[in-house]
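Novice: The structure under discussion is supplied below as structure tokens; questions concerning it will follow.
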């Protein structure tokens, strides 16, 4: 016989709930309406989880687990995976046999009760005790028989589901055989006969006349017995139906009048009309609905029916029951959280949890986000597949876009990184710290390329030219690298000879620090992140050959030379066993303090983090105004400083060679109609006249009268156009950026639109308005024309028109080549996407298998970190007390505040799962990002739960943190109070 229940530790995995932890509970099989379901109960309480088994079982597996115990694993076709451990072998075998019968579609034979057969219905019937049967009979007698059962109780917890279900099955199967009634005091007895139930109808009608409780919510078992699918002749009588319907209508009207006086009319009327809509003749489909609704009634509702005077809560649940039709496990965002779209995570593209966790932690750094989006970076000038462009686009859209849109942006970010680091191109699990390092290095390279390209674009004037200050300002435009200004810091290593004291210093830049786990002492409390950091900066003795005295030993010290805004610490939790070739994760407990201090690792010359208002452009422009040139300076940017002077001939030729391709691209934006050409020629003639007047006034000493007199007309035209371009360069750059950049993000309207890759490429090159392509742009065409000696033509408009016609032919050829390249690229992209989809499916299945196996061993080792050769930090009693106090208050100088943790759940680096805990300064609350799922949490919970799995820690300088926090409090004093009440359900 298949057992009714099996007990043991339970774990589930489904699309709705994810992977749960091991909890004590039970598996219970419920059979109703020829359908079999599995109900999972937890000993700690809560809503049971129901899984349909009919036509949904994929496999059933038994795995021995000790003596006379085993583990039962059930895999469903809807990707759900259920496991119960430590089950007695006999019970597990019986349940497996029953599940195999359901899997082989033999549930009708397994569910019919017959003498001597191991029927499930017989088991359920026999498990109903006399006490429960009497209670059920007492309840049924005190309720009024309704005409129709509403679905108001579908959302209730099905604790008593088993009691009613086997009784109905037994009645239906035994009524035809005429089995004698042995248990007349049980209303739902398997051997109850039809005449006995008819007598119950009469007694219930008399009781209903004396006491009239709300029938739509208090009577639910009775219609199940009187269902039309049974052989009950009393209910098939039309006269009985008519009388019962009339009585029900009178009861409803009377109850509506009573509830109207109590102020619950809207909910009651909703319930009333809901019941009227279902008052049709009984049929097979309606009986199925009645059974499903009755089976979900709770025990508490059956025991306290006399106190249900206000049906408002049930009416609300009735509205929710329609949404819960597919099961209680379906995740549904509360209505109050819909306006808060920023509380969304990132979709897992296939083992990309490492990427999602790192991105959420980086995006939570407000100063990093501001430096990336709000300094006016010319995104149009950056290649489409550059990581910094993809990175900024995702950051700008993450709080305002749907998960589908963000999923496409995530794919683009992954593609941009995979183009440089192929190890991230597939769908295998990767290390989060490796991804972080690659991401930061690639962002710095992109900013360096941008600054180098931007440096060569404007043409500088000489010292005596008008508008020189504005041109110098444009020429020295340097964009701030978000990585350098926020995350990069500098450490000075000092090697001191122990013999003669000779000191050799070396400076090194870091984006993060990889610190060792401190050695755990069994007699002392657990070590902290502060101990690991101090361990990294401890002085150590090395073998060193001194050039001065030929000494053989020296001491190395490490001190901060420049502090970062945000300090990233990578805790080395993995140790590689060379003998076994295994990568083992050390689950040693490490205390996570709220504040760290770098006081003992700084000197008097240590530079503080950059202020929030700092920018590389302002750092260069200020000394320019005093000296009018930049000879040498040291700034925290990814590019060297730009020189203030350019040689006239060499600088011009270098500029032309570096911007030749860009000028050709700019020509694409011009229209080709004759009116625009003629208007441009007229503007050119006007510029020529004005430039001659400026020549007579002596504005350019190096282009004096003697110089112009010795020039030909072609050379004169080139010189004059060069002057006009300098005068219009600043205004042109402003006009270009103004319509395409937003003040907050720098992305224009076309960037915000989600377009395919080829459409986005075309969007960046669409023509501008004729008003924006003024004389300065036309001078660039003429300059290219003058630069190319093969294309020189005699003076006159006809020669220029011939040149434009020749350029039209070149452009048509380029467009044809572009179309061919796009077609080939699309074919390659389709093939690549198909291959990626196949790889994704295989990788997902492999990852789930590895993750399930790793969870069994994911408790974590509490052994020593294996750093036997590493000395432990020793503090005096006063120092230890001071560090302990600072960990909570941050009162010491150079303190850093915890703002994010990236944790790894699993036993090896090749499997497991990454999540991130982030402190949101705007909301002043902690959130846990688990791929697409976001939940609110507490800082103490984060510190406690991540002490064995914390992998990467983000700490922000206390002064920067306090400044950002104060800014948010002053900016939104009222909205934050409203926001807290709205976001409370999270």
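Glycine is treated like the rest: Cβ placed from N, Cα and C.
Positions annotated as motif 'D-box 1' by Swiss-Prot, on the basis of similarity to another entry: 71-79. According to Swiss-Prot, the region 'Disordered' annotation covers 134-238, 251-305, 683-710, 729-751, 811-840. Feature annotation from Swiss-Prot assigns compositional bias 'Basic and acidic residues' to 149-159, 251-260, 729-739, 829-840. Feature annotation from Swiss-Prot assigns compositional bias 'Polar residues' to 171-195. The compositional bias 'Low complexity' annotation in Swiss-Prot covers 269-298, 818-828. The domain 'USP' annotation in Swiss-Prot covers 344-958. Residues annotated as domain 'UIM 1' in Swiss-Prot: 712-731. Sequence annotations record features per position, and here Swiss-Prot assigns domain 'UIM 3' to 835-854 based on sequence analysis.
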Novice: As a test of reading the model: what is the averaged pLDDT for the domain 'UIM 3' (835-854)?
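Specialist: Averaged over the domain 'UIM 3' (835-854), per-residue pLDDT gives 67.
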Novice: Using a Cβ-Cβ cut-off of under 8 Å, list the residues of the same chain that are 6+ residues beyond the ends of the compositional bias 'Basic and acidic residues' (829-840) and lie near it.
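Specialist: Those are 349-350, 426-427, 757, in sequence order.
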Novice: With DSSP as the reference, give the number of residues of the compositional bias 'Basic and acidic residues' (829-840) in helix, strand and coil.
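Specialist: When I sort the residues of the compositional bias 'Basic and acidic residues' (829-840) into the three classes, I find 12 helix, 0 strand, 0 coil.
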Novice: When DSSP states are grouped into helix, strand and coil, how many residues of the motif 'D-box 1' (71-79) land in each?
Specialist: 0 helix, 6 strand, 3 coil
Novice: I'd like the per-state residue tally for the compositional bias 'Low complexity' (818-828) from DSSP, helix first, then strand, then coil.
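Specialist: In the compositional bias 'Low complexity' (818-828), the DSSP-based counts are 11 helix, 0 strand, 0 coil.
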